[in-house]
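Visitor: Features from TrEMBL:
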- 350, 411, 462: S-adenosyl-L-methionine binding site (BINDING)
- 490: active site, nucleophile (ACT_SITE)
């Protein structure tokens with residue numbers, strides 16, 4: 001059930017529109033908005049919800065524009081026709097390009113797009129991408145300061161590439177193959193129409209619905225490939241069909257494998273319950289438990305956790321629906337930087353453990369550099385924003401010792417917060433506190449430090465790809481205790497606005513003395529893929 005909302009400013013994002021709807025009493029609405037659109041789509045689950053939102057938004061203004069809302073439903077027939085059209089268009093583009101590639105090559109280009117380059121060349125490509133983002137950041141800051149009454153001397157400083165901060169050489173991953181400790185495989189049909197477990201051969205939005213085995217995927221570990229193959233063998237013997245994203249029919253949906261360096265293995269199997277009785281589902285759970293127990297014994301690996309999720313929703317990926325542990329424990333562990341961490345099924349953990357160690361060590365080196373040479377009356381509190389399972393704060397607290405007074409972590413995922421508390425206990429960290437909820441709604445953790453002595457707190461932000469809400473940046477700027485903080489970005493393009501807000505001159509929205517960037521270091525956690533982690537140290 002879809003609504004088309006017109007007269008929307010082109011600069012408005014999906015997030016901004018979602019916030020507008022929530023402010024007007026319309027929660028749990030899926031928003032679709034492209035940057036060049038002067039409209040957006042709002043999708044609801046029921047007709048009742050659709051008309052509720054339609055009535056709520058009548059006469060609503062956004063940025064001095066009155067929004068126009070109309071019903072714009074998409075039928076199942078329309079949706080399937082769109083899928084077929086995109087599939088045909090994609091095929092025509094491939095044929096017109098004259099480039100003939102095997103399905104295996106197409107999959108490699110999709111999941112590891114830099115695989116055709118030597119590793120040193122990959123690092124150079126990623127470093128150029130970082131430079132481009134930092135140049136955009138510099139230009140935006142120039143424009144802001146030119147329009148303001150303030151002068152910024154740091155923008156006049158020039159380091160390499162005419163950047164206003166010191167960009168260090170890229171740190172490479174110690175592991176180049178099979179480094180991913182978490183892989184999400186799709187159950188579907190291959191090009192021959194056989195039940196297969198692997199990766200989608202292209203984006204579903206482009207009309208791709210075929211699945212290829214991950215045998216040649218260089219970033220997938222050997223054990224994850226074996227488990228995917230075992231699941232494929234099981235499904236091929238099953239009476240039930242794989243789930244078809246186009247027709248929405250079938251049962252077997254997805255299998256997630258978490259394979260940690262310490263040897264712990266977690267397998268999560270997602271099933272659509274349509275057409276299955278409770279007895280059939282229970283029988284399947286028992287059969288899966290026996291099958292994978294036997295398989296683990298044959299292959300000599302530690303099956304620590306086997307879970308099943310029953311999920312009937314339309315969207316793909318792991319949902320918030322309950323997980324049933326049918327063998328072992330509902331969690332696994334990983335070891336890193338002389339620490340041991342518990343990881344729950346939904347909790348975030350860096351996908352390349354060996355490279356993540358280097359990432360955290362760099363953060364520790366920055367904090368030591370700031371605090372070791374100076375005579376502070378007290379050690380700083382480490383505020384770990386978007387802390388996940390607590391890995392950064394705990395690892396740094398342990399490695400830096402008395403350099404850190406205490407750790408305060410804030411995290412949205414309830415499972416991750418529970419893990420963080422247990423991880424602090426596991427590693428004998430007795431000075432850690434964890435707060436559950438969105439960072440922007442738990443800013444009291446920062447406000448508690450607002451009037452404390454300058455330098456008595458240091459913050460680390462390791463947000464999702466899109467960055468943090470601007471209210472988080474506002475709170476950081478107003479927090480007098482923080483003179484330094486470290487931003488870890490896994491998408492430096494998406495984080496540019498955060499960087500700008502951190503450093504922009506004071507105005508009616510952004511109070512507190514701004515920060516300036518001091519240095520940046522890229523750490524490659526994703527060999528053969530386009531992404532790279534970027535650490536930036538900011539100083540008041």
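If you go along the chain as it appears here, the first residue is 1 and each next one adds 1.
Cβ coordinates are placed from backbone N, Cα and C, and glycine is handled just like the others.
Mind mapping these onto the model and telling me what they sit next to?
Guide: Applying an 8 A CB threshold to same-chain residues 6+ apart, the list for residue 462 (S-adenosyl-L-methionine binding site) reads 384, 385, 386, 387, 388, 392, 488.
The Cβ of residue 490 (active site, nucleophile) lies under 8 Å from the Cβ of 464, 465, 525, 531, 532, 533, 534, each of these being in the same chain and 6 or more residues away along the sequence.
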Visitor: Looking at the binding-site residues 350, 411, which one has the fewest other Cβ atoms within 10 Å of its own Cβ?
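Guide: Across 350, 411, these binding-site residues, the one with fewest Cβ atoms within 10 Å is 350.
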Visitor: If the S-adenosyl-L-methionine site is taken as the center of the Cβ atoms of 350, 411, 462, which further residues of that chain fall within 8 Å of it by their Cβ?
Guide: 348, 349, 386, 387, 388, 389, 391, 392
